[in-house]
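What TrEMBL annotates here:
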DOMAIN    3-143  domain 'Photolyase/cryptochrome alpha/beta'
BINDING   254-258, 295-302, 393-395  FAD binding site
SITE      Trp326  site 'Electron transfer via tryptophanyl radical'
SITE      Trp380  site 'Electron transfer via tryptophanyl radical'
SITE      Trp403  site 'Electron transfer via tryptophanyl radical'
Amino acid sequence: MESNAVVWFRKGLRIHDNPALDYACRGSSHIFPVFVLDPRYLHPDPSAFSLGSARAGLNRIRFLLDCLLDLDSSLRNLGSRLLVLNGHPEPASVICRILKDWNIRKLCYEFDTEPYGQARDRQVTDFARQLGIEVFSPVSHTLFDPAEVIKKNGGRPPLTYQSFVALAGKPPDPLAKTYSELPPVGNVGNVELLNIPTIEELGYKDIEQEEFSPFGGGESEALRRLNEVLKDKEWVANFEKPKGDPSALWKPATTVLSPYLKFGCLSSRYFYHCLHSVYLTVGKHTSPPVSLVGQLLWREFFYTVAFGTPNFDQMRGNKICKQIPWKDDDKLLVAWREGQTGYPWIDAIMIQLKKWGWMHHLARHSVACFLTRGDLFIHWEKGRDVFERLLIDSDWAINNGNWLWLSCSAFFYQYHRIYSPISFGRKYDPDGKYIRHFLPVLKDMPNEYIYEPWTAPLSIQKKANCIIGKDYPRPVVVHDKASKECRKKMGEAYAKVGSVEEEDNIAASESTAMQKRKRRT
């Protein structure tokens, strides 16, 4: 009797260290490697503020298509291929249909911690088990199983990095298995198979964007980049966040492996294993939380807290999030989003985000602080939505976690420490090369005015062919005044939250005492 298995790719778009693929191959006469094109993620949404779908900007869609092409190529080299299916009306129902049509006995897919993925996977798993199909869903997108870490902590997610690291321990080793060939694809019957679409075939016509992300997707590119990083053992050993130049353009001061981890083109376990091999070779190296291994552990920390915190992606109903009365100001939000705040450092970062879908972590810190507690006092959820759409490495747990952190809504509470939109960038790039690249309107502005062009005399502005208020906007706020006001509002919000928390603690204590008295009687 034939034994057919489906490997359902979503993230985990790789061959190396792929437990779902490994298990699907065991004892199977045929395997069906499947990817379902999710219309929410891919189909154009004309109402969105940038080119892309309802869920993702064009750069991330292009990156995903690169990943699929590379995965298909790798599978073909092993005597298989990627079976691409139309996800209409939604992916879960498509998977349920093929399980039945292809007489599948084993369904294998990587465990997904995100709410959307959890709901989708429950639907498919319930259907599969009703048909008597074995379901194998290993944890391999992260180093650790978030549920296990939470269980070790008494059923609650650890809320500090240090407590997480102490609980997590050492991650399992990556699978060492390599393949010379895979079991062949079985008979797909009448199911319509698609080619991996191009951007144009998805409906994105007349694209006017001048510059796209310089980072191509796929496992092959991920492993090439990783090998380039590992060649410089001294750099790996001495990596120390938050050090690094956020204005470095063509050789970013970090690995730029985050989008490959996001899509699972690179196994986090394999990355961790490689870093430890370097550490063993060189001897002396930096340590968590600032080392490269430390960055992987930050990723794990946010995944774990997100998995164990209801409503993690919003302020209301989120127990770990401070309730702050952020203001609504669409005009200021759009100015920030479109790189039109009048602060060149902030605007250049936002233009890099729009064009490349990526920027250095310190650049992200700068613009997130500016939007929220630093200058504009706009809700972190609004900024989160922009990042979620435009970043090629946008990751539900990490993106929400970082916005909670940078807005001082959770994890980090020193709201008086604010990134200057003027002096912070100047520290790294006094000549403003980064600004000149992404804001060519300011390319001839003298160095002394490049971070504060509104202070340049009119004669200088004319000579630079950039009149402030006409060719480039005036600042939307005065930083010193705005940051002072933000600190005041944050202090008031914290004081109010503190009094509410104190009342809650008193009420909880009284309730506990009452229960104890009842037990005695």
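Placement of Cβ uses the backbone N, Cα and C atoms for every residue, glycine included.
TrEMBL labels come from automatic prediction, so no person has curated them.
Values in this document were obtained by computation on a predicted structure and should not be read as measured data.
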Quiz item: Across all protein chains in the structure, which of the binding-site residues Val256, Leu296 has the highest Cβ count within 10 Å?
Solution: Leu296
Quiz item: If we check Cα distances from Trp380 (site 'Electron transfer via tryptophanyl radical'), which of the recorded positions Leu296, Glu300, Trp326, Ser394 wins as closest?
Solution: Trp326
Quiz item: Can you tell me how far the Cα of Glu300 (FAD binding site) sits from the Cα of Trp326 (site 'Electron transfer via tryptophanyl radical'), in Å?
Solution: 29
Quiz prompt | Between Trp403 (site 'Electron transfer via tryptophanyl radical') and Phe302 (FAD binding site): CA-CA distance (Å) | solution = 11
Quiz item: Within the domain 'Photolyase/cryptochrome alpha/beta' (3-143), how many residues are helix, strand or coil going by DSSP?
Solution: 58 helix, 30 strand, 53 coil
Quiz item: Taking every residue in the domain 'Photolyase/cryptochrome alpha/beta' (3-143), what is their average pLDDT?
Solution: 97
Quiz item: From the Cα of Ser394 (FAD binding site) across to the Cα of Trp403 (site 'Electron transfer via tryptophanyl radical'), what is the distance in angstrom?
Solution: 12
Self-check item: Cβ packing number for Trp298 (FAD binding site), 10 Å threshold
Solution: 18
Quiz item: About how far apart, in whole Å, are the alpha carbons (Cα) of Trp326 (site 'Electron transfer via tryptophanyl radical') and Val256 (FAD binding site)?
Solution: 32
Practice problem: Would you mind listing, in sequence order, the residues at least six apart from Thr254 (FAD binding site) in the same chain with a Cβ closer than 8 Å to its Cβ? | Solution: Gly244, His360, His361
